[in-house]
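As given in Swiss-Prot:
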- Met1: N-acetylmethionine (MOD_RES)
- 4-119: domain 'PH' (DOMAIN)
- Ser48: phosphoserine (MOD_RES)
- 151-259: domain 'IRS-type PTB' (DOMAIN)
- Ser269: phosphoserine (MOD_RES)
- Ser291: phosphoserine (MOD_RES)
- 293-326: region 'Disordered' (REGION)
- Tyr296: phosphotyrosine (MOD_RES)
- Tyr337: phosphotyrosine (MOD_RES)
- Tyr377: phosphotyrosine (MOD_RES)
- Tyr398: phosphotyrosine (MOD_RES)
- Tyr409: phosphotyrosine (MOD_RES)
- 409-483: region 'Disordered' (REGION)
- 411-424: compositional bias 'Pro residues' (COMPBIAS)
- Ser416: phosphoserine (MOD_RES)
- 434-460: compositional bias 'Polar residues' (COMPBIAS)
- Tyr451: phosphotyrosine (MOD_RES)
- Ser462: phosphoserine (MOD_RES)
Amino acid sequence: MDGAVMEGPLFLQSQRFGTKRWRKTWAVLYPASPHGVARLEFFDHKGSSSGGGRGSSRRLDCKVIRLAECVSVAPVAVESPPEPGAASFRLDTAQRSHLLAADAPSSAAWVQTLCQNAFPKGSWALAPAENPPKLSALEMLENSLYSPSWEGSQFWVTVQKTEAAERCGLHGSYVLRVEAERLTLLAPGAQRQILEPLLFWPYTLLRRYGRDKVMFSFEAGRRCPSGPGTFTFQTAQGNDIFQAVETAIHRQKIQGKAGQGQDVLRADSHEGEVADGKLASLAAPLELPGSPPALYSEPLDSLRIPPGPSQDSLYSDPLDSTPARAGEGTQLKKALYWDLCEHVQQKLIKAKLTDPKEDPIYDEPEGLAPATLRGLYDLPQEPKDAWWCQARVKEEGYELPYNPAMDDYAVPPPRSTKPFPAPKPQGLALSESGAATGSGSQGHSSDTALYSQVQKSGASGSWDCGLSGVVTDRTGAKSEGST
């Protein structure tokens with residue numbers, strides 16, 4: 001029969017229908033032996049573990065944890081402990097995570113004993129040994145300045161189905177390690193105790209990250225080894241992962257600023273040495289006798305100017321104050337640009353006498369040629385309200401000439417009046433010869449109209465076809481009209 005290494009009361013957190021609650025159990029830890037594997041068993045009460053864990057009472061469902069499947073054992077802090085003064089710790093396996101709690105001394109003892117049996121070859125000791133072994137002269141110690149001060153933490157997660165996860169072939173449970181400069185996804189090996197790195201995401205290539213009560217998610221950039229996309233992990237430690245990532249990014253920013261400050265100090269010291277002349281100048285390259293100096297044999301700032309006839313500047317002294325040299329005579333009294341003006345004038349005269357050459361096609365760059373004058377009909381204007389203008393010139397007040405004497409604009413000229421119609425022709429007059437054949441009256445002149453009066457009949461309401469009313473004939477006698 002197997003002997004228990006440790007046993008005692010433990011609180012086990014369970015979740016049903018979205019509600020978390022603590023359940024008090026009796027836990028028994030068995031080591032690895034020829035009769036069985038190392039395991040942790042849970043019972044309802046203390047009496048159930050008698051007889052090597054084969055009690056008659058009912059055992060809790062699926063509450064046997066094999067330590068070979070254990071990934072990590074670490075103390076954690078919870079918001080609502082099962083009782084005051086209780087300390088919690090998490091036991092992660094390849095399938096799920098278990099949250100356990102006990103009083104503070106018992107919780108530390110459980111963590112230490114579980115680490116001893118689950119990781120026999122690992123560094124599970126929480127406290128330093130009482131008698132540390134003496135180091136020999138040949139052994140080497142790690143440099144604390146070189147090794148990172150923050151090792152990071154590991155979390156057991158389950159990959160959710162996303163486009164990026166399917167592209168990378170991720171499914172199932174993995175271990176997500178939060179390191180100093182990146183996130184690393186570890187896959188348990190064949191022995192379930194060795195974690196193999198599968199993917200990693202540097203913090204500088206993460207676009208965004210966030211957490212929820214039951215998951216942790218981040219969006220990777222296109223330069224990540226996994227490619228762009230969103231990765232979602234189901235875990236109850238989403239808040240812990242988020243805080244660990246945030247702390248790592250903050251540490252990386254501080255280290256980056258410190259590195260930039262050291263670079264600035266180095267650059268300043270280098271410039272100071274150059275300014276003080278402490279840097280030794282490089283010796284000039286040796287030249288073979290008789291060989292001409294190459295064009296690029298020396299740097300630009302160290303090229304030597306060949307000695308000229310005179311080192312004086314052209315405008316170092318005024319023209320009048322330049323002393324005349326012997327043998328030059330009175331030729332130096334000419335103006336400075338005298339020869340230049342004559343040379344230009346001769347060129348202009350020759351250009352006028354010779355035939356002008358045809359201008360090249362690409363005389364001026366595009367966009368710099370002078371704009372051509374627009375013609376009269378280049379900008380036509382569409383006439384509007386032509387029916388209103390009626391082909392008359394539109395004259396407005398501000399377009400008329402201004403008269404300064406009257407402080408007003410000139411009045412437009414009057415328009416031509418409407419032409420009067422021609423006078424109607426007069427009635428036909430009888431000639432004197434016709435008058436003789438008449439009634440024989442000579443009293444009236446021939447200017448009398450033939451129809452002098454036309455009266456409207458009131459009784460019948462119609463016009464007479466002849467003379468209705470009294471008609472005066474040529475003799476001067478009035479007669480009644482007859483129809």
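Yeah, the Cβs are placed from backbone N, Cα and C, and that goes for glycine too.
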Original post:
Which numbers of helix, strand and coil residues does DSSP report for the domain 'PH' (4-119)?
Top reply: 26 helix, 60 strand, 30 coil
Subject >> DSSP three-state assignment for Ser416 (phosphoserine) >> reply: coil
**OP:** Kindly state the mean pLDDT of the domain 'IRS-type PTB' (151-259) in the predicted structure.
**Re:** 86
